[in-house]
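Peer 1: Shown below is the structure under consideration.
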Amino acid sequence: MLSHLTLSNFRNINQVSLSPSVGINLFIGENGSGKTSILEAIHLLAMGRSFRSRNLKNIIQFEHAQFTVFARSSEMTPVGLLFDTNTGLQIRLNNAPLKKLSDLAVNTPLQYISANCHQFFELGPKFRRRMIDWGVFHVEHKFNYHWQTYKKALIQKNAALKNKKSKAEIELWDQYLVKHGDQITDLRTTYLNRLIDIFKPIFSKICPTFDQCEFTIRYSKGWNKDKSLPETLAENYERDRILGYSRAGPHSADWMVRINNDSPEEMLSRGQQKLFYLSLCLSQITLLMEIKGVKNTILLLDDLSSELDWQHQKTVMETLRSLPVQTFITSTNTELARLISNEKEKVFHVKHGEIREDNETVNTSI
Ligand SMILES: Nc1ncnc2c1ncn2[C@@H]1O[C@H](COP(=O)(O)OP(=O)(O)OP(=O)(O)O)[C@@H](O)[C@H]1O
Ligand SMILES: [Mg+2]
């Protein structure tokens, strides 16, 4: 959980310092005021990357040479990041320097829900794989080892295929792909089977229209389901040689939740698609809490109000309130502030890159 956050020269935010609450934090402001930038800064700290710029240079406020983000968690672990156009990146975790941004990702599990998350169905398997791998990674720490080893073997095999090496040199990598590939598949399917049980009640509560439906997981392993991975790799040898890369395996896997055995994208409206994606994220957080007892997850929810009517915005807020997750929500809808009530929640008003905490928040039970 973040207990303190300071940003300087971060996009349109010149200098801001705030103390978020442990529950819901609502950032309200007009378009271009700096709301998403705050989520971006938290994402950068927790995940080691921005969700909208590959190049950190683009984050630096125009006409400045560096930006900084600093946070303190409730466990009092300070984490700070400075990016300077001349000297590059410096990261400090618990007062010690950190080499790689990616090392930051292990410390705080974070879920980011973008403003256009209803595009989840169109974004393709890569995005969906990344989504469940986040959960498997946090629930099963050995997943990272299997995935990293698998990825290295795949890179080597693809290089051998591309450079037209001998059959023996190409097939040398298959033993690693099979050993770790089967583990990855097992861990993912176990995870998804647990996730679906948690998803059902959450989605039915947020979107009651579907409470009588049956929800199932469809997982495509990334190769023919009737064949083993060694069989498939052997059969695909000629094709892979022509393609110059190895296609079959868990790196080509995909998954989806089916509703009454139908594709959700065909039956859900845009708003329902957003609620569906949101429910999946909340299920992942709940699963992490149930299995690992993790209670310090951070949820970033950009633009809650888009696509959702007032009743659904309220239901989402109530659901979030029932979870032990620190949430950062943005919206242009000032009415949402009326839903913020207890001492575990805060409203911040964002205007031209400046942030003012609303101390006048009252419970007006709507
Ligand atoms: N490097 C930068 N330096 C200064 N300003 C920037 C930089 N990059 C982006 N901006 C500006 O920062 C402002 C804040 O952007 P941000 O996406 O945070 O707004 P927002 O409040 O989320 O708006 P919306 O409601 O439209 O999503 C925008 O006006 C944007 O043009
Ligand atoms: Mg925004």
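Residue positions begin at 1 at the first shown residue.
Cβ from N, Cα, C; glycine included.
The following feature annotations were taken from TrEMBL:
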type    : residues                                               : note
DOMAIN  : 1-353                                                  : domain 'RecF/RecN/SMC N-terminal'
BINDING : Gly29, Glu30, Asn31, Gly32, Ser33, Gly34, Lys35, Thr36 : ATP binding site
Peer 1: Going along the chain, which residues six or more apart from Gly34 (ATP binding site) have their CB under 8 A from its CB?
Peer 2: Arg11, Asn12, Ile13, Val350, His352, Gly353, Glu354, Ile355
Peer 1: Neighbours of the ATP site Gly29, Glu30, Asn31, Gly32, Ser33, Gly34, Lys35, Thr36: Cβ within 8 Å of the Cβ centroid, same chain, sequence order.
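Peer 2: Other same-chain residues near the ATP site: Thr330, Thr332, Val350.
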Peer 1: Where does the mean pLDDT land for the domain 'RecF/RecN/SMC N-terminal' (1-353)?
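Peer 2: Across the residues of the domain 'RecF/RecN/SMC N-terminal' (1-353) the model's pLDDT averages 94 on the 0 to 100 scale.
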Peer 1: For a quick check of understanding: among the binding-site residues Gly29, Gly32, which residue's Cβ has the most other Cβ atoms within 10 Å?
Peer 2: Gly29
Peer 1: Around the C-beta of Ser33 (ATP binding site), how many further C-beta atoms are within 10 angstroms, looking at every protein chain?
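Peer 2: A 10 Å sphere around the Cβ of Ser33 (ATP binding site) contains 22 other Cβ atoms.
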Peer 1: Give me the non-local Cβ neighbours of Thr36 (ATP binding site): same chain, 6+ apart in sequence, Cβ-Cβ under 8 Å, ordered along the sequence.
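Peer 2: Spatial neighbours, sequence-distant, of Thr36 (ATP binding site): Arg52, Ala115, Asp302, Asp303, Thr330.
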Peer 1: Is Lys35 (ATP binding site) helix, strand or coil when read with DSSP?
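Peer 2: Reduced to three states, the DSSP call for Lys35 (ATP binding site) is helix.
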Peer 1: Say we define neighbours as other CB atoms within 10 Å of the CB. Which of the binding-site residues Glu30, Asn31, Lys35 has the fewest?
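Peer 2: Per-residue Cβ counts within 10 Å for the binding-site residues Glu30, Asn31, Lys35 bottom out at Asn31.
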Peer 1: Of the binding-site residues Gly34, Lys35, Thr36, which ones put their CB under 6 Å from ligand 2?
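Peer 2: Among the binding-site residues listed, those whose Cβ sits under 6 Å from ligand 2 are Lys35, Thr36.
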